[in-house]
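Engineer: OK, TrEMBL features for this one:
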DOMAIN    B:20-238  domain 'MacB-like periplasmic core'
TRANSMEM  B:21-41  transmembrane segment
TRANSMEM  B:283-305  transmembrane segment
DOMAIN    B:288-403  domain 'ABC3 transporter permease C-terminal'
TRANSMEM  B:337-356  transmembrane segment
TRANSMEM  B:376-399  transmembrane segment
TRANSMEM  B:420-445  transmembrane segment
TRANSMEM  B:672-697  transmembrane segment
DOMAIN    B:675-788  domain 'ABC3 transporter permease C-terminal'
TRANSMEM  B:717-744  transmembrane segment
TRANSMEM  B:756-776  transmembrane segment
Amino acid sequence: MIQLKHISKHYPVGFGKNEILKDIDLRIFEGEFVSIMGPSGSGKSTLLHILGLLEEPSQGEYLFDGEPVHKMNEKKRTQLHRGAIGFVFQAYHLIDELTVYENIETPLLYKNMPAAERKSRVADILDRFNIVAKKDLFPSQLSGGQQQLVGIARALVGEPKVILADEPTGNLHSDQAKEIMELFKQLNEKDKITIVQVTHSELNATYGHRIIQIRDGIIA
Amino acid sequence: MIKNYLKIAWRNIRKQKFYSFINILGLTIGMTCCFLIFMYVRFELSYDSFHKNKDRIYRVVTDVKTPTELIEADITSAPMGPNIKADFPEVVSSVRINQSNTLVAIGNNKYDEDKMVYADATFFDVFSFPLIRGNAKEALTAPFTAVLTESNAKRYFGSEDPIGKTFQIDGGKATIKVTGLMKDVPENSHLPFDMVLSLATAEAMGQNLTESWGNFGMLTYLLLTPGTDPAKLEKKLPAFMESHIGSTMKGNNMYYTLHLEPLKDVYMTSKRNAPVKGSMTNIYIFSIVAILILLIAVINFVNLATARATERAREVGVRKSVGAYESQLTFQFLCETMLLSLFAFVLSVALSQLLLPPFNLLAGKEIAYNIFSTGAIVWFLLIAISVGLLAGIYPALVLSSYKPVVVLKGAFSSSNKGLFLRRGLVVFQFVITIVLIVGVMIVYYQLLYLQGRDLGFKKEQQLVVEFGGVNNMKERWHDIKQQVLNVQGVSGVTFSSAIPGRFQNSAYSNIEMKNGEMQASNINLYFVDYDFIKQYEIKMVAGRTFLPEMATDSTQAMLVNEAVVSSLGYNKPEEIIGKKFDQWGRKGTIIGVMKNFNYRSLKETVSPLTMRIEPEAFGPLTITVDPKNIKKVIAGVEAIYSRYVPEGRFNYFFVNDDFDRQYRGDFRFGQLVLTFAILAIFLATLGLLGLISYIVIQRTKEIGIRKVLGASVNNILLLLSTDFIKLIAIALVVATPLAWYLMYKWLQDFAYRIDMPWWVFLAAGSVAVVIALATVSIQTMKAAMTNPVKSLRTE
């Protein structure tokens, strides 16, 4: 489903360059649950951003469902974003001025979905995550775990093929973290959603099928 | 989708109350100014547009050329109009208009009528002043007939039907019958009047309208056939003049050239005079001021929005990562600005409506009563939308261009993006502010100068009473003077035909030149008595004044001013003494030369003036009064007046007040500029306040650290102010030449003007610095006074 060929990424620093990723080859199959691990600054977040089209590689090829992403224009990429990829962030990144309901609804708005369908989709997901009672609250009124739940709900509502999670439990207590990881596992097994997560935690990594270790920009 | 945008926009407006307040208040003030000025400009440009034939009506004007000067007059002589109509088939109709005033008497009631005109019967053919009663073709054909406006008819006859009613004019010399009733003249007519008398009346009362080719005083308008090229007609006019009075022109060495002016140019763009005159310069100035004030408000918005852009950056990142196009985000942010702008629009419309009455007062005319009835509201909406776009587009582009990775990683704190632009815009605002401050100071300085300048005659404590209605003045003026002089508190009395600051006649005059030839020209004329020069303290530079003991002085003597001396080519005033003159049937010699005195507004240089003694023409009586006895004097003079003019109305005024009335328009201009300058300063301060409060928030941590390291409150103040002081210094450098140039242009309107004082620029700069410092200090104080432990802990 996802195939990276000779991907590298560097930033210019002074007269030289700072290499973050070096010649990465990676394949992720449909239905997999992959954990990317590595020390700080190893390039794992950058890798995830490249997978999520938020950043462009300096070199190399990226095929998503067999299609060459690196050759797509901005518009095509945005469409891929909307249709196939859901993001979960460490800091949740909910929009403060929107309610829980509206936060979840936002991706659907960008898909130009009719109002009725939008409503039922959001209602479904609120129901499934047991947060119907919280739908009119603003993010600041929720605990961290609840905020992350909303973040995941927002990632899921567009029915993506793959969820990319950047340290989704990094800001949470261990209890809350466990809950979130169970949820990911369930999504992977029942809904057949491909999941790629970046994590520091050995424990969280074990929820996945496969662990990719990155060190100094190279897959170990 | 839009609903979502509006929702988040609304929540943002409410969340950021302070910034929203600054933005909405700024935009509202800016738009309100803009709307009101828009109404004013539209009104000024609408003059005479209500005439159905406006594109075919032309005013005939005359260039009078003598060997020494060229007079560009707005008037013609009486025979010109009818003869042009008779000679040229492309002229459908011509109408002559003579502005006049009189005292109307109906039974025992007296009414001052200073807005009356005499006009040909063709008046209503050429112009579209709709008649309510009476026949437009015949109402003004017979002598002693009049058409009244609705409100004037009400003034004279109350609710009675005015048609067929009569009234008397000129102290009972003629009885006039009302033959028509017309709608009131629209405010935007360059010819204001509330009564039209048939020109045949003037003729019947002895005015020669058929042969007096050299006697100027008539406004003449032509209605041309459709498709006539006025330029072609104008080219035929010199031959026309030649055929009628060619030999006279040659004989007098005085040549008339006729020109045609489109009606639409008469009020605004023509450089010649008109009964009511507009000023294109003012239109430009106000339009520019309106745009500048709006720009200041827009700049406030742009500055605040870009400075605060980082606060919205995370939202941009999130939205992009869930699939928003950049264009969608741009649109979203534009929607927010638009919402603010429309909010301000609604407030501005309401505010403009509220402010219309005082604005009418300030402008000195009824521009409009109701904003909604004028159709201007569509334009206002367009202005509001443009403002929204102008203010919103740049911040929207900046915001929507943020890269999600950069933003969401959290490494992104404050950007210097747009810092340069922001500084530029602050400089721009201060340039506008400084220019306006300089403008206000120079306008007022100039006006004070005009009021304080020595005019060359005494204008204080001179009371003027109009004795124009006295019968047989020639016999009685001595008695009147003697009686007024006996009133306690009166120290001097003099009769004349005109007084400084008011209209004076001009006369076709022949005066001997150096080479002995007689030169004809049209010269201003005062008829005075023996005391005039002494009582007005006018200085003589050569010869002597009129003396009662010189028998010939009463008919054969003339005084001229220095302007006459130089216009006739004499080098020294002494040279003109004893030269011959021939004026209005009187012949004699020049006995004295007066020092130039400003008998008209200081906008003009002193033009040639002659004085003679001619008691028949006496009207105003100038009375020098003791300021302690003014009330008694007025009562005493009134008693004398009513004995001599029982049917008249007693009117008095003081020369200095009356003279300063000529600058009323300029004072009004000064007030308007002052108002706008204050608004501009207020808006710029508001923007500065917002910007600084944001900067202070951003730098709270830095301030805390500096304080921990030992910085005093003053150090912190200096740190934050220095940036702005630098910007103001730059603004001052840019504003100085600009303000100098603009005010230089404005001062050109005045023949007597101040040298622009250098300190005005310094003062304006200081005002800007003080305002900026005050604003910075208030905001900074708060941050600098807080305990650093507090601000650092929150980080």
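Using the three backbone atoms N, Cα and C, a Cβ is placed for every residue, glycine included.
Remember, predicted model here, so these are calculated numbers, not experimental data.
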Engineer: Quickly jot the same-chain residues contacting the transmembrane segment (B:420-445) by Cβ under 8 Å, restricted to those at least six beyond its ends, or write none.
Structural biologist: 289, 292, 295-296, 299-300, 302-303, 306-307, 394, 666, 669-670, 673-674, 676-677, 680-681, 684, 687-688, 691, 724, 727-728, 730-732, 734-736, 738-740, 742-743, 746-747, 754, 756-757, 760-761, 763-765, 767-768, 772
Engineer: What same-chain residues lie close to the transmembrane segment (B:21-41): Cβ under 8 Å, and 6 or more beyond its ends?
Structural biologist: 283, 286-287, 289-291, 293-298, 300-301, 304, 340-341, 343-345, 347-349, 351-352, 355-356, 359, 363, 367-368, 371, 374, 376, 379-380, 383-384, 387, 391, 676, 679, 682-683, 686-687, 689-690
Engineer: At least three Cβ pairs under 8 Å linking the transmembrane segment (B:376-399) and the transmembrane segment (B:337-356), pairs spaced 6 or more in sequence?
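Structural biologist: Contact criterion met.
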Engineer: Could you tell me what the rest of the chain brings near the transmembrane segment (B:717-744), counting residues at least six beyond its ends with Cβ under 8 Å?
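Structural biologist: Counting only partners 6 or more residues beyond its ends, the transmembrane segment (B:717-744) has Cβ contacts under 8 Å with 423, 426-431, 433-435, 438-439, 442, 688, 692, 695-696, 699, 706, 711, 756, 761, 764-765, 768-769, 772-773, 776-777, 780-781, 784.
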Engineer: Could you pull out which residues elsewhere in the chain have a CB under 8 Å from any CB of the transmembrane segment (B:672-697), counting only those six or more residues past its ends?
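Structural biologist: Tertiary neighbours of the transmembrane segment (B:672-697) are 18-19, 22, 25-26, 29-30, 33, 285-286, 289, 292-293, 296-297, 299-300, 303-304, 307-308, 362-363, 422, 426, 429-430, 432-433, 436-437, 439-440, 443-444, 703, 720, 724, 767, 771-772, 775-776, 778-780, 782-783.
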Engineer: So how many of the residues in the domain 'ABC3 transporter permease C-terminal' (B:675-788) end up helix, strand or coil by DSSP?
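Structural biologist: Split into helix, strand and coil, the domain 'ABC3 transporter permease C-terminal' (B:675-788) gives 96 helix, 0 strand, 18 coil.
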Engineer: Average the per-residue pLDDT over the domain 'ABC3 transporter permease C-terminal' (B:288-403) and send me the rounded value.
Structural biologist: 88
